[in-house]
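Visitor: Submitted below is the structure of interest, expressed as structure tokens.
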């Protein structure tokens, strides 16, 4: 039954991908990409990867769509016609496709217990998590503690990406200094009463759900990445409804920058503190006299750091797009 | 006895809900213009969601899943119609006419008035007739 669902969803994914490539209107392409992300999230969920599904739904279908639309409002609506011949591209794509299909023949079957991925470190994680960390969600344990270096790297990727986007978008075009009028975004959806009322009603619940995902990550699917994205979605919704100015008054640029840097700093500082207390970098066991409690404390702290950085980075990127008049 | 009644009722709700999803899908594909299509799609948002989630609620019994399902139901019943309204409002403001027919399903032609007259000739017979009648309507309204 699950296999039927999975095949159905994967077929829809392929159809959506083809539709994205064929779409000439870029708004249509962005909407199709949101659908693609949602289908992907459903697929992840079928494969029991609830944490990844949550991330994909929040970031892929939610925040990315808004940021893409913000980028589109700065450029053209339709795809540029390319006059180049497509023969080379088609042959490369065909060759890669055939190679990938050939590679799948060697792959183990779905859910095969003999698959290498289930033989390597996964059994150790599953058997040791209750003893060493004692939290029900093994994914959070792996992400936050066993593989904390990887997660630290991911946080710095988000951090660096945010800095890069802000650098690119804050470059001013000297030609249009005179045309500094009030951007249309600052009006918000003044004339759209119903979305505004419903949005105001939902906004606190979205943020509350984000906090739940943040601090419930040890027990259920969730954690810093998902929570940061959900809270950022809530604040972006607020910005869309009330206007960019009101949102910036609530969360000013200085706060966003402090969040982007502070989250990554908090993560690193946890590692430095564990070193000072006699352990290895990011070995939380030394944080408390009870090593299990120390591990839990460390995971909560670094997850908070991840959430703060992700939320700040997404907000900063959104506002960077919204603040520009033209490209 | 009560359990069986609930079971049957839940499956009736699920089936009718599925039927409305199907109707919404067919409507979104087959109906002639933007607003009627949106109307069909919003059927999926409201009555179908209500019936499917209601059916699941009856199956879940009184557990924590029930509370979550109710939360999802309330969320969808608030956001679905709002999204439909926002879509219709945006279409109205950007000048989509209610008597303008879609000429192609995947919309290669632009919806603007200028492109409409030039691209009419390239369309199939059926849409030519509808476009022609629509032009008549526009003339009459003027």
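Cβ atoms here come from the backbone N, Cα and C positions, even for glycine.
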Visitor: Using TrEMBL as the reference, determine which range in A:7-26, A:27-46 is annotated transmembrane segment.
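Guide: TrEMBL lists transmembrane segment for residues A:27-46.
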Visitor: At a C-beta cut-off of under 8 Å, are there same-chain residues at least 6 beyond the transmembrane segment (A:225-243) that contact it? List them, or none.
Guide: 51, 54-55, 58-59, 62-63, 66, 154, 185-190, 195-196, 199-200, 202-203, 206-207, 209-211, 213-214, 217, 250-251, 303, 306-315, 318-319, 322
Visitor: Is the transmembrane segment (A:255-277) in contact with the transmembrane segment (A:155-172), using at least 3 Cβ pairs under 8 Å (sequence separation of 6 or more) as the test?
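Guide: Judged by the Cβ rule, the two regions touch, with the required three close pairs present.
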Visitor: Over the domain 'MrpA C-terminal/MbhE' (A:116-177), what is the model's average pLDDT?
Guide: 84
Visitor: When secondary structure is assigned with DSSP, how many helix, strand and coil residues does the domain 'MrpA C-terminal/MbhE' (A:116-177) contain?
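Guide: For the domain 'MrpA C-terminal/MbhE' (A:116-177), the helix, strand and coil counts are 50 helix, 0 strand, 12 coil.
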Visitor: When you scan the chain for residues with a C-beta under 8 Å from the transmembrane segment (A:193-213), skipping those not six or more beyond its ends, what do you find?
Guide: 54, 222-223, 226-228, 230-231, 233-235, 237-238, 240-242
